[in-house]
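Taking it in order: structure first as structure tokens, then the write-up.
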Amino acid sequence: GLDPELLSLVPRPVCAVLLLFPVTEKYEAFKQEEEERLKGQGQEVSPDVYFVKQTIGNACGTIGLIHAVANNQKYLEFEPNSPLQKFLEQTSKMTPEERAVFLEKDESIRVTHESSAQEGQTEAPSLDEKVNLHFIAFVNVGGQLYELDGRKPFPVAHGKTTEDSFLEDAVEVCKIFMARDPQEVRFTIIALSKD
């Protein structure tokens, strides 16, 4: 639930929020309008935001987790020789498009992605299978709430946030996704918190 009393039960600080939502015609139309509006009016995006384009089919969960982890490295400790840590170090100075190309060729991430996908409770879709659900991440970078969706050309800034209000602020944006398709029930929100 998204009620304040239920959100208060989530361990803090929340480092990132992942949203799984249905990709509908309404969402696609909104996405196109938003992109045109933001390209026209511009927005300020911190150079500290780590963003990667999604060029691999059905990898939005992996991309969402990369966004969540990459933008919260100060909270995390990696295992020695972690493939993810190596990937982040090797791509830290790249553009989002260069990161996507690097990810396509990174065997250790691909193997980890495929093995994790096969561990799930349902059969994982093939890389080219058409799916209508999509993961995105919300992160707090420099006191700004960012939506990171590898299908979009750039991060989307949603305004100011704090470590204390981040979960509630991200949930407000999630509610907008839900309100756009009120007949839909296929929404899942995951909070990644530091214990």
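Including glycine, each Cβ sits where the backbone N, Cα and C put it.
Cys60 (active site, nucleophile) is surrounded by 22 other CB atoms, counting those within 10 A of its CB over all protein chains shown. Per TrEMBL, active site, nucleophile is recorded for Cys60.
Using a 10 Å Cβ-Cβ cutoff, His134 (active site, proton donor) registers 20 neighbours. Per TrEMBL, active site, proton donor is recorded for His134.
The feature domain 'UCH catalytic' is assigned by TrEMBL to 1-194.
Around the Cβ of Gln54 (site 'Transition state stabilizer'), the number of neighbouring Cβ atoms within 10 Å comes to 23. Summarising the annotation, TrEMBL assigns site 'Transition state stabilizer' to Gln54.
For Asp149, the entry in TrEMBL reads site 'Important for enzyme activity'. Sequence-distant neighbours of Asp149 (site 'Important for enzyme activity'): residues of the same chain at least 6 apart with a C-beta under 8 Å from its C-beta are Gln54, His134, Ile136, Ala137, Val156.
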